[in-house]
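J.: A single structure is presented below for examination.
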Amino acid sequence: MGAAPSKIVETLLEDTNFDRDEIERLRKRFMKLDRDSSGSIDKNEFMSIPGVSANPLAGRIMEVFDADNSGDVDFQEFITGLSIFSGRGSKDEKLKFAFKIYDIDKDGLISNGELFIVLKIMVGSNLDDKQLQQIVDRTIMENDLDGDGQLSFEEFKSAIETTEVAKSLTLQYSV
């Protein structure tokens, strides 16, 4: 992958928070991460990004970056994903990304089981399953405004906006 095709760059300029120079610098970084020169980043390459492997949600983050569900992250998906976490990413974009981390089956709702799985990834063995299930049940009960037993994006957003979580969803990185 030499210079990014101009059509892709034009689309990225339109759809992301990056300018042309930033996209070019990120393209160079992408090419370094793509060690096998396949044109996409596989899970091992993704995990080699500084700071990513230490994040317990790294696997879920990669799955959300991988918009076409190919199992790899291509250049366009990489830039689009990073754009959300840039300082110029909107609060709503960041909340939608966070929601997708929890919405494992991509049905637009966070079920009790999905919330349990993601929180289990985050807390590991610090809580036993019974304690964690109580937290999950309480979280759903307190925030499920329509009573369907799941959290919609709007319910998730409402719950999160009362905290400082959205502000913390900005990554500092140099391009």
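Note: Cβ is positioned from N, Cα and C throughout, glycine not excepted.
Reproduced below are the annotations present in Swiss-Prot:
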type	residues	note
DOMAIN	21-56	domain 'EF-hand 1'
BINDING	D34, D36, S38, S40, E45	Ca(2+) 1 binding site
DOMAIN	60-88	domain 'EF-hand 2'
BINDING	D66, D68, S70, D72, E77	Ca(2+) 2 binding site
DOMAIN	90-125	domain 'EF-hand 3'
BINDING	D103, D105, D107, E114	Ca(2+) 3 binding site
DOMAIN	131-166	domain 'EF-hand 4'
BINDING	D144, D146, D148, Q150, E155	Ca(2+) 4 binding site
J.: Distance check, please: Cα of S40 (Ca(2+) 1 binding site) against Cα of D72 (Ca(2+) 2 binding site), rounded to an integer number of angstrom.
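T.: Cα to Cα, S40 (Ca(2+) 1 binding site) and D72 (Ca(2+) 2 binding site) are separated by 6 Å.
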J.: Do any residues of this chain, six or more beyond the ends of the domain 'EF-hand 1' (21-56), have a C-beta under 8 angstroms from a C-beta of it, and if so which?
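T.: Non-local partners: 1, 3-4, 9, 12-13, 62, 65, 70-75, 78-79, 82, 121-122, 124, 175.
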J.: CB neighbours of D103 (Ca(2+) 3 binding site) within 10 A?
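T.: Looking across every protein chain shown, the total is 23.
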J.: Would you kindly give the Cα-Cα distance separating Q150 (Ca(2+) 4 binding site) and E114 (Ca(2+) 3 binding site), rounded to the nearest Å?
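T.: Computed Cα spacing between E114 (Ca(2+) 3 binding site) and Q150 (Ca(2+) 4 binding site) is 10 Å.
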J.: Which secondary structure state does DSSP assign to E155 (Ca(2+) 4 binding site), in the simple three-class scheme?
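T.: Going by the DSSP assignment, E155 (Ca(2+) 4 binding site) falls within a helical segment, counted as helix.
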J.: Using C-alpha atoms only, work out the spacing between Q150 (Ca(2+) 4 binding site) and E45 (Ca(2+) 1 binding site) and round it to an integer in Å.
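T.: Per the Cα atoms, Q150 (Ca(2+) 4 binding site) and E45 (Ca(2+) 1 binding site) stand 34 Å apart.
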J.: I need the nearest neighbour of D148 (Ca(2+) 4 binding site) among the binding-site residues D34, E45, D107, using C-alpha distances.
T.: D107
J.: So how many of the residues in the domain 'EF-hand 3' (90-125) end up helix, strand or coil by DSSP?
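T.: Residue counts for the domain 'EF-hand 3' (90-125) by secondary structure: 24 helix, 2 strand, 10 coil.
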J.: With the Ca(2+) 2 site defined by D66, D68, S70, D72, E77, which remaining residues of that chain have Cβ atoms positioned within 8 Å of the Cβ centroid?
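T.: Filtered neighbour residues, in order: S40, F65, A67, N69, G71, V73, D74.
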J.: Could you tell me the C-alpha distance between D107 (Ca(2+) 3 binding site) and D34 (Ca(2+) 1 binding site) in angstrom, no decimals?
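T.: That separation, Cα to Cα, works out to 31 Å.
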J.: What is the set of residues, excluding D144, D146, D148, Q150, E155, whose C-beta falls within 8 angstroms of the centroid of the C-beta atoms at the Ca(2+) 4 site?
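T.: What remains near the Cβ centre is L109, I140, N143, L145, G147, G149, L151, S152.
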